[in-house]
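The structure appears right after this line, and notes come after that.
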Amino acid sequence: MTASLDRSPPSPPLRLGTRRSPLAMAQAEETRDRLCAAHGWTPEAITIVPVTASGDRILDRPLAEIGGKALWTKELDAWLLDGEIDFAVHSLKDVETIRPAGIAFAAILPREDVRDVLVGAESIAALPPGARVGTSAPRRAAQLLHARPDCTVVPFRGNVATRLGKLAAGEADATLLAAAGLNRLGESAVGQPLDVDSWLPAPGQGAIAIECRAGDARIAGLLAAIDDAPSRAAVLAERALLAALGGNCHSPVAVLTRPAEEALVMTAALFSPDGADRVEATARFAPGDLDAPARLADTLLAQAPATITAHFAGR
Ligand SMILES: NCc1[nH]cc(CCC(=O)O)c1CC(=O)O
């Protein structure tokens, strides 16, 4: 990361769009701080513009059931395309695989802890028999039921604090959250992180994506200063896998891409929604090679039973 020579702040200030949840606001502040540090600006150089997303308005149904597209990005996409904001910050995990024409990733911030955290028990094995586990993520539900078919999944929607509140109120015995979200909210002491060798995260988990209008060279140039190339290579590979599977952010797919001596190593697993079936495969490829993850998708689907392939459209 190199500081720009021109330290005069932009005038008028740049407008950064974000969802309103406490985690989204923390991510927006992190983005503003990194951008100001990279360019030598004071925080007034960037105005944070909060937007209520449809996904935050509808809280009584599982997301997979609402089914609508772009629940977290629709409003910010419109504001970006209309020029109401200059750039938008998202949890990459929540960004649809196919983006509107006219919107481009301008930066991926350094990836946070990628792991899921179990809150309410020391480990998956230590969950009491028949434990009720709160989650609305099909991936987490399938992973849990694969390891512990005796457990019951309780639908758990809402932001991190809401879910922890439901757990405290006894609506479930345990819940699963992303370490990245907890860390960014200053709640790193909550729960037990799950080892990635036995519990893979979601595609793009822990990464923050910053988008601008495609062709906006001024904003793209400013954002390039905070792009983290290794994180970008890993998460774009995970999105390429998801796209080739014909999956979306509600698909029971778990994946992690790790750097290994000039290469990336991707391990991915697909589940049937009830967790009964699971297939896994690993590939090693060069950063930037998006055909390799697509081939890994083919390999996974070729070895998967119909209980799994029924939930992926393939290529
Ligand atoms: N599905 C909601 C969501 N989107 C991003 C995060 C956490 C931050 C991240 O994974 O980058 C969370 C909460 C969670 O899964 O616990």
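Backbone N, Cα and C atoms are what each Cβ position is placed from, and that goes for glycine too.
TrEMBL labels come from automatic prediction, so no person has curated them.
Taken from TrEMBL, the feature region 'Disordered' applies to 1-21. Among the features that TrEMBL reports, domain 'Porphobilinogen deaminase N-terminal' is placed at 14-219. Residues annotated as domain 'Porphobilinogen deaminase C-terminal' in TrEMBL: 234-284. As annotated by TrEMBL, S-(dipyrrolylmethanemethyl)cysteine applies to CYS249.
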Key: Helix, strand and coil totals (DSSP H, G, I; E, B; other) for the domain 'Porphobilinogen deaminase C-terminal' (234-284)   = 12 helix, 24 strand, 15 coil
Task = Find the average pLDDT over the domain 'Porphobilinogen deaminase C-terminal' (234-284) in the predicted model and report it.
result = 95
